[in-house]
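Database features, via TrEMBL:
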- 12-30: transmembrane segment (TRANSMEM)
- 50-71: transmembrane segment (TRANSMEM)
- 75-192: domain 'VTT' (DOMAIN)
- 91-112: transmembrane segment (TRANSMEM)
- 132-155: transmembrane segment (TRANSMEM)
- 167-189: transmembrane segment (TRANSMEM)
- 201-222: transmembrane segment (TRANSMEM)
């Protein structure tokens, strides 16, 4: 899907406005540095209090943090999911995390499309880009959905890598939207329950174990689905 000419410049305009705002407004820079420190160090209570300090604007701040973390490694989005569950509850927290995560993925995908492999290769290793190419060759249009379900695939790097492929916007969007749902629901639930550290670790370990056990089954399922779609597309071209 090709983005209309005028709309294609909108993200660049917004990005320029944000950069200028942070350059000329000291308070914004200070808040950005504080938020970055809290996320990088994994300070859950500090990040929760930071988001709450914005009052009615807290959901907007959470959304912006999700977009921001996609560009600063190694900030984990998982921490934001848990914080959203703790602050906004299981339903609003889930929707906010799901929507903002999808938006950040689409933005990374768009950045990769605009700036190309030389830009992405500066922070995504060639080996990982090759792995995504292999996933696409193996699973076809189901590759995005499958990678989003895998527990140890870096979310944002994957978005950049798919942006360098021939995937359509729609294939990337629906694969991400569906594939990220189980993990976001799980982490939102953890935040909502306000568990202790050891309880977090137990639940997280069980979650990862479940995904690892399901990986071979999902791999075979998505491989078949991908081949079926490729074959249908080939048959249409031949007829």
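Quick reminder: no glycine exception, Cβ is built from N, Cα and C everywhere.
TrEMBL labels come from automatic prediction, so no person has curated them.
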Mind checking which residues of the chain, 6+ beyond the ends of the transmembrane segment (91-112), have their Cβ under 8 Å from one of its Cβ atoms?
11, 59, 62-63, 66-67, 69-70, 77, 80-81, 84-85, 119-120, 155-156, 159-164, 169, 172-173, 176-177, 180-181, 184-185, 187-188, 191-192
Counting by DSSP, what is the helix, strand and coil composition of the domain 'VTT' (75-192)?
100 helix, 0 strand, 18 coil
